[in-house]
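S.K.: I'd like to ask some things about the structure below.
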Amino acid sequence: MEFPLQDFDLEDETDFLLGGSLNHGGDMDGGLATQSRTPRNRKTLGTFLCGCFCSIWRRCCGPRELRPRTIHLGKPTPGQFPANTIRNQKYNIITFLPLVLYQQFKFFLNLYFLIMATSQFVPDIRIGYLYTYWGPLCFVLFVTICREAVDDLRRHKRDQEVNNQKCKRLLRNSEKSIEIVPASKLKVGDLIIVDKDERVPADLILLRTSERSGAVFVRTDQLDGETDWKLRLAVPATQKLPNDRQLFEINASIFAEKPQRDIHSFIGTFTRHDSLSGDESLDLENTLWTNCVIASGQALGVVIYTGPETRSVMNNSAPRSKVGLLDMEVNTITKILFVAVVGLALIMMALKGFSGPWYRYMFRFVLLFSYIIPISLRVNLDMGKTYYSWAISHDPNMRGTAVRCTTIPEELGRISYLLSDKTGTLTQNSMVLKRVHLGTVSYAQDSFDDVKTVLKQAYSNVEGPPSHTGKMRKSENSRIKDAVQALALCHNVTPVYENNEDSETSSISSSEAEADQHMQSTEEQVVTYQASSPDEVALVQWTKEVGLALNRRDLSSMQLQAPDGRLLNYSILLVFPFTSETKRMGVIVKDLQTGEIVFYLKGADVVMSAIVQYTDWLEEECGNMAREGLRTLVVARKVLSEEQYNDFESRYNAARMSVSDRVQRVAQVVESLEREMELLCVTGVEDKLQYNVRPTLELLRNAGIKIWMLTGDKLETATCIAKSSRLVSRTQGLHVMKKVVTRTDAHLELNAFRRHSDYALVVSGESLEVCLNYYQQEFMELATAAPAVVCCRCSPTQKAQVVQLIQKHTGKRTAAVGDGGNDVSMIQQADAGIGIEGREGKQASLAGDFSIPQFSYLARLLLVHGRHSYKRSASLSQFVVHRGLIISTMQAVFSSVFYLSSVALYQGFLMVGYATLYTMFPVFSLVLDQDVSAEIALTYPELYKELSKGRSLSFKTFFMWVLISIYQGGVIMYGALLLFEDEFIHIVAISFSSLILTELIMVALNIRTWHYLMVLAELLSLALYVLSLIVLHDYFDSEFIRTPDFFWKVLVITLISCLPLYILKFLRKKFSPTTYSKLS
C-alpha cells in the first residue's frame, strides 16, 4: 500500500531544509561565490542528512501528528494510521535493559556500589577479591531484571487478550462475505459488525443496525462511568440500503475530524457522491467509541480511529514506573550513610596524616567502610516485596486478588486519600424501586402485593372515562391506579423482545396486529427494557410486576397490558426529555380508548415542589427517602382538554421554529403548562450497593483515610450514593457547590464552603475546572481538609488531574480504585492503583497495580496487608543497616588500634558469608513477623492512622539503630582486643563469633510474633556457622576454638552487647507500651 501523504511530507520538509540552506547561500556577499564548491556541497549534504535524520526521529520517536481523515466506504483509506492495539507495557525489547538499569542506578545505593565495584579493577586500591563486590551487585541486578521482566510479560499477556478479541470484518469478496480477525488487525476504513454484549474494538461511525429505525443502545460505563444506556443512530442514507453488501456498491465518503480527547462531541460529514442528496452532518449520536458495549441488536460501522487515536486511549495516561515512599526513605538514609562513610574516612586520614599518596589511602578507607551502606538492603527489600505480593494473592479471605506490580506493596500501608469511582465500584448498576408514597399511605417492598391487588380490582371494574378535576378528594384505590399508570406512561423506555433459543433480537413491528402480539408465547419471548436512565427501567419494571406492563413503544405510540390481559393503546403527542438544567422529563399522551389527553411530569423534588399543588407532606417525605439514600422522583399530571392541547401545541411549534433564543422560548412555553399540577406520588429508587460497601467505607474512614468519590454520573445520583453508602455519615452536612462559571462565582462559592469546613463537599467537573484555574491553592486546601469530597461529571482526564493535585498539595500517599476504562488514568496516576474486575470488562483491573474482585476486599488489602508490608519492610531495612553499621564500627576500631592501617578486619569469604550465609535467613525471616493479627487490625482500624506518619522508619528510629550498632560494634571489638592473648587470628575468631551470635539474638529480641520458619532460620544459621568454624581452617584456629577460653570469652562479649538492650526493651514494654501491644 502506498502512503502518498507521508512521502509528500518528507519531500516537502527536505525541500524546505535544502531551500533554506541555498537561500542563505544566495544572500551572501558576491565575493563568496568565487570560493570552491566543495564546502558548499558538504554543507548541503550535511543539511540534507540532518533534515532526513530529524524527520525520521520525529516520525519514530516524536509525538504523532493528529489529522482529520476522509474515508471512502468499501475502499482502502490512504495514509498511515496507528495499529489498533492497546499497550500497557512499560518497556519493549530495545528499551528494557537500558530503562531497567537506569531505574536501578538512579537509586544512590546501587550507583554507589557500582562505583565501589568498578574501583576494584584498579590494583592500587583493591582491598579484597572481586567477587566480594561484584557478586552481590550482580545478584541484586539479576533479581530486579527478572522481576521487571515477569511484570512486563504479564502486562503484555493481558494486552494480548484484549488485542486478540475476535471481530467480524465485512469483505468485498462475494464468496466469503465475513472474515473473523483479531482487533489488532483492524484498520481505518474497515467495515465491522459488532453483536449484542460485545465490546466495540475501535472508534466507529454507525452505518447500519438490526433495528429498522437504525437505533441501537450502547453501554458506556467503561468510557464515562455512566450506567445510562445511550441511544445511537445509524447514518440514515446507509440504514435505508437493502443489505450490507450495498455498502461496497455505493460511492460514499465520510469526513472525520482529527482525533480529540472529548468523548462527548464529534464533528463529521457523510457524503453520497452518486446521488443528488447533499452532505449529512454526523455528530456524537452516530458514533460508537471503543470500549462501549452494544446493549441490544447488532451494529455495523466503519472504523475511523484506531489504537492510540481512539477516544478511550487518548483519555488514558501512559503507565508510569511507581516508586514507593519507603524506597525513597531508604534512599535518603543511604545518602546519610554515605556522608558517614566519607566522614569516617576523613577522620582516619586526619589521624594518619595527609602525607604521601593520601588520596589512595582515603579511597581504601572509603572501601573498607563501604559496608555501612549494605548492598544486600535492596535484595532483601525486593525479595520481601515478592513475598508480600505472594501473600496478598494467596490470602483465602481475598480470593481472586492479583498483584500486577510487585514493587509497591508497602504503599498500601501509608494511604491517606482514597479516590473511588461510583458506578460498578461502590454500586452494582442495578436499580430497584424501594418505596412509593401517595400522600395518605406509603408502600414499601413488603406491601407491593397490596398495590397489585388494588390494581387488579381497579382494572376489572372499568366504568367509562373518569372526569378528574384534580381538586376533589379521591379514593385510595383511584390514587394507586393513577400513580401506577403515570409511572407506566411517563418515561423513555423501549421494550426489546429476545428469543430464548438463539438470543436473537426480534423487534416487534408496529404494524403487527395487537392480538398477535398478545398471543405470542412468553416462553419464547423474553422482554428486556432499554432506556437512557436506569431509574426509568426500575420504575417500568415495577409497574410490570404489579400488573401494568409496557408492551410496545415507538416514537409515536405506546401500548400497555392491563392486569386482566387487555391491551391499552396510547398515542404519544409530545415528549420533553430530561436535562441537567430542567431536572425533569414530561410526556403528553392521548388515551385511544377514551380520547383523554394527559400531561405527565416527573422530576427532582427541588423543581417539582414549585410545579405541583401545595401539599404539607412532600418535602418531609422526600427528605426521609433521601436520608435512606434513595433517589427520589416526584410524579404529577395534568388533564388537558382538546382546546388546551391545540393551543399549547401551536405555541410550542412556533417557539421551536424561532431563530433567536429558541431554547428560552421553548422553555417558557413548556413552563406555561407546568402550573398547579396534580401530585400523584413520590418514588424512592435504590441503586444497589456492592457487597459490604458501608462497613468497608466506615472502616477506612475510622482508619483516618479521607475518601473522595470521582464519577462521571449526575450530581443528584452521586449525592444519593454518597449518602446511601455512608461515604457521608448521617450526622455530616453536605455542601453542594453551585454552578461556577466566572472567577467571582468561584470566589463566592469557596468563601461559602469555608464557613462549612466540617461539611462534605459536592462539586461538578465544570465547577472544579473553573476553581482550579483561578484558585487552585485555596480550593485544594479546603477540599483536602473536608471529611469527604464528591466530584460528579468528571472526565477520565479530570480524575487523574485530581489525584495529581492531592499528591502535589498534601505530599500524602493516594490510592485510586475503579472498575471501568474511564478509571484507568486515575489508577495509573495514584501511588497505589487498585482495579476491580467489573461486569463490564477488565480494563481497570489490567491497568491497576492490584486487582480485586470486589470493593469490600479493600479494607483487608490496606489495613492488614498494607500494614504488614510496611512494618515488615521498615523492620527489615533497619536490621540490614544495623548489620552493616556494626561491622563497620568494628573495622573503624580495628584500624584505629592497629596504627590506622587500611587493612580489612575480615578477609574474603567471611565478609561475603557474614551478609549472606550466616545472617541472611534470620534477618529475612522478619518478613513473617506481625505486630498485630489480621483480626485486631480490622477490629481496631484506628491503628492504621499511625502508619501514615511514617514512624516505623524515621530519622529517630534510624539514629537509635545507629547508636545500638556503635555500642555493640565497640563492645565486641574492644572486648575481643582485651581478651585475646596470643595471636591475631584469635581476635578474628572471638569477634566474628560474638558478632554472629549478637545478630541472631538481636533478630530474636525484635520478633513480635514467632513463626516456625523463624526458629528454623535461627537454628540453620547457627548450625552453618558452627560448621564453618570446623571447616574454614584458613580463618579460624581449630585448636583454639575447642578450648573453654574461646567459649567463655565469646559468651561474655555477647552478653555485654545484648543484655542492656534486652533490659531497656523490657522496661519500655512495661512502662511505655505501644498501642498495638496493649491490644495484643
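Glycine is no exception: its Cβ is also placed from the backbone N, Cα and C atoms.
According to TrEMBL, the protein has these features:
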DOMAIN    80-134  domain 'P-type ATPase N-terminal'
TRANSMEM  93-115  transmembrane segment
TRANSMEM  127-150  transmembrane segment
DOMAIN    169-310  domain 'P-type ATPase A'
TRANSMEM  336-355  transmembrane segment
TRANSMEM  361-381  transmembrane segment
BINDING   Asp421, Lys422, Thr423, Glu536, Phe578, Lys602, Arg631, Thr711, Gly712, Asp713, Arg793, Lys799, Asn822, Asp823  ATP binding site
BINDING   Asp421, Thr423, Asp819, Asp823  Mg(2+) binding site
ACT_SITE  Asp421  active site, 4-aspartylphosphate intermediate
REGION    498-525  region 'Disordered'
DOMAIN    846-1074  domain 'P-type ATPase C-terminal'
TRANSMEM  880-900  transmembrane segment
TRANSMEM  906-928  transmembrane segment
TRANSMEM  958-978  transmembrane segment
TRANSMEM  984-1005  transmembrane segment
TRANSMEM  1012-1031  transmembrane segment
TRANSMEM  1046-1064  transmembrane segment
S.K.: Considering every residue in the domain 'P-type ATPase N-terminal' (80-134), what is the mean pLDDT value?
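M.R.: In the predicted model, the domain 'P-type ATPase N-terminal' (80-134) has a mean pLDDT of 83.
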S.K.: Taking Cα-Cα distance, which of the binding-site residues Phe578, Gly712, Arg793 are within 10 Å of Asp819 (Mg(2+) binding site)?
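M.R.: The binding-site residues close to Asp819 (Mg(2+) binding site) (Cα within 10 Å) - there are none.
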S.K.: Can we call the transmembrane segment (880-900) and the transmembrane segment (1046-1064) in contact, meaning three or more C-beta pairs below 8 angstroms at a sequence separation of 6+?
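M.R.: Counting Cβ pairs under 8 Å, fewer than 3, so no.
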S.K.: If you count Cβ atoms within 10 Å of the Cβ of Asp819 (Mg(2+) binding site), leaving out that atom itself, what do you get?
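M.R.: Here the count is 35.
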S.K.: At a 10 A cut-off on CB-CB distances, which of the binding-site residues Asp421, Asp823 has the highest count?
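M.R.: Highest number of other Cβ atoms within 10 Å: Asp823.
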S.K.: In the structure shown, which of the binding-site residues Arg631, Arg793 has the fewest other Cβ atoms within 10 Å?
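M.R.: Relative to the other binding-site residues in Arg631, Arg793, Arg793 has the fewest Cβ atoms within 10 Å.
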S.K.: By DSSP, how many residues in the domain 'P-type ATPase A' (169-310) are helix, how many strand, and how many coil?
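M.R.: Taking the domain 'P-type ATPase A' (169-310) as a whole: 17 helix, 53 strand, 72 coil.
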S.K.: At the Cα level, what's the spacing in Å between Gly712 (ATP binding site) and Asp823 (Mg(2+) binding site), rounded?
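M.R.: With distance taken Cα to Cα, Asp823 (Mg(2+) binding site) is 10 Å from Gly712 (ATP binding site).
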S.K.: Enter the number of other CB atoms within 10 angstroms of the CB of Phe578 (ATP binding site).
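M.R.: For Phe578 (ATP binding site), the 10 Å Cβ neighbour count is 20.
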S.K.: May I ask for the distance between Phe578 (ATP binding site) and Asp823 (Mg(2+) binding site), taken between their Cα atoms and rounded to an integer number of Å?
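M.R.: About 26 Å separates the two Cα atoms.
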S.K.: Within the domain 'P-type ATPase N-terminal' (80-134), count helix residues (DSSP H, G, I), strand residues (E, B) and coil residues, in that order.
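M.R.: Helix, strand, coil within the domain 'P-type ATPase N-terminal' (80-134): 29 helix, 0 strand, 26 coil.
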S.K.: Within 10 Å of the Cβ of Asn822 (ATP binding site), how many other Cβ atoms can be counted across all chains shown?
M.R.: 32
S.K.: Between the Cα atoms of Asp823 (Mg(2+) binding site) and Arg793 (ATP binding site), find the distance and write it as a whole number of Å.
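M.R.: Counting only the Cα atoms, the answer is 13 Å.
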